[in-house]
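According to Swiss-Prot, the feature FAD binding site maps to Arg49, Pro50, Phe51, Ser52, Leu64, Tyr65, Gln66, Gly71, Thr72. Marked as [2Fe-2S] cluster binding site by Swiss-Prot: Cys210, Cys215, Cys218, Cys234. Per Swiss-Prot, the feature domain 'FAD-binding FR-type' maps to 2-96.
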Amino acid sequence: MRWKMKARVLSNRRIASEVYEMTFEWKGKKPHPGQFLMIDCQGKTFLKRPFSVNDFEEEKMTILYQVRGEGTKNLSQMKEGDILEITGPHGNGFEILEGKRVLIVGGGVGIAPLLYLAKKVKAQKLYIALGFKRETFLVEKFEGLGEVVVTTEEGSTGRKGLVTSVVEEMIGEVDIVYGCGPKPMLKALQEISMKANVLCQISLEEKMACGIGACLGCACKVREDKGFSYKRVCRDGPVFWAEEVLF
């Protein structure tokens with residue numbers, strides 16, 4: 001595969017409970033915000049795992065991940081100097097519209113692709129809403145890029161409640177919304193943006209086996225004029241216009 005390469009781990013640190021930030025050397029193609037990589041997590045797992053590009057600069061790539069199974073557990077144990085086998089970047093990424101009033105919305109580890117987006121978007125005004133259950137992470141990296149609002153479901157940090165409540169309040173002040181997070185959050189973004197007639201792009205998170213559209217394991221249902229069809233999250237996405245997706 002023409003995107004296959006090896007990369008040396010530069011750092012791998014835990015930034016919250018079971019959430020890690022890994023940086024590694026990158027001499028491959030420059031990613032577009034919203035694209036992802038397929039990484040060999042080694043161990044007994046034989047399928048690569050998808051990880052959004054969290055940040056990129058000066059031949060260094062950063063990913064954000066949560067330990068959820070054997071693959072990510074293996075990844076969390078890697079040290080500086082270890083070698084990763086990677087393919088990518090894959091997918092379409094976000095369509096960046098210049099000169100707009102922008103709202104970026106992230107939920108939990110779904111904030112992963114949004115930092116790089118926030119750095120690259122050329123907005124007239126940039127608002128950033130980050131939602132967490134209780135423990136927050138990476139908020140400081142978003143500060144200074146735009147006007148940041150943080151919510152936690154328990155109210156331990158920032159505003160108490162769901163991040164979608166911020167979207168409901170601000171939807172009339174923006175031209176486009178970009179979001180990534182749990183499906184209930186993305187469905188709420190879809191409903192809020194469509195009701196307000198505001199553009200919205202969402203990045204879907206799905207389990208993937210190949211990352212190139214061959215296995216059809218990440219298919220999602222999308223609207224068609226006469227019903228619905230299926231698109232591949234890895235090849236046709238992972239970013240879709242919100243009104244396309246059928247949850």
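Quick reminder: no glycine exception, Cβ is built from N, Cα and C everywhere.
The binding-site residues recorded for this entry are Cys215, Cys218, Cys234, and the Cα of Cys234 lies nearest to that of Leu64 (FAD binding site). Cα-Cα distance from Cys215 ([2Fe-2S] cluster binding site) to Gln66 (FAD binding site): 24 Å (rounded to the nearest whole number).
Annotated FAD site Arg49, Pro50, Phe51, Ser52, Leu64, Tyr65, Gln66, Gly71, Thr72; additional same-chain residues within 8 Å of its Cβ mean position, judged by their own Cβ, are Ile39, Ile63, Leu75, Ala112. Geometry remark: Phe51 (FAD binding site) versus Cys218 ([2Fe-2S] cluster binding site), CA distance 14 Å. By a simple count of nearby Cβ atoms, those within 10 Å, the most crowded of the binding-site residues Gln66, Thr72 is Thr72. A count of other CB atoms within 10 A of each Cβ picks out Cys234 as the most crowded of the binding-site residues Leu64, Cys215, Cys218, Cys234.
As a summary of secondary structure, the domain 'FAD-binding FR-type' (2-96) carries 7 helix, 47 strand, 41 coil according to DSSP. Taking the C-alpha positions, the distance from Gln66 (FAD binding site) to Cys218 ([2Fe-2S] cluster binding site) comes to 19 Å.
Arg49 (FAD binding site) counts 22 other C-beta atoms within 10 Å of its own C-beta, drawing on all protein chains shown. A sphere of 10 angstroms centred on the C-beta of Phe51 (FAD binding site) encloses 23 other C-beta atoms.
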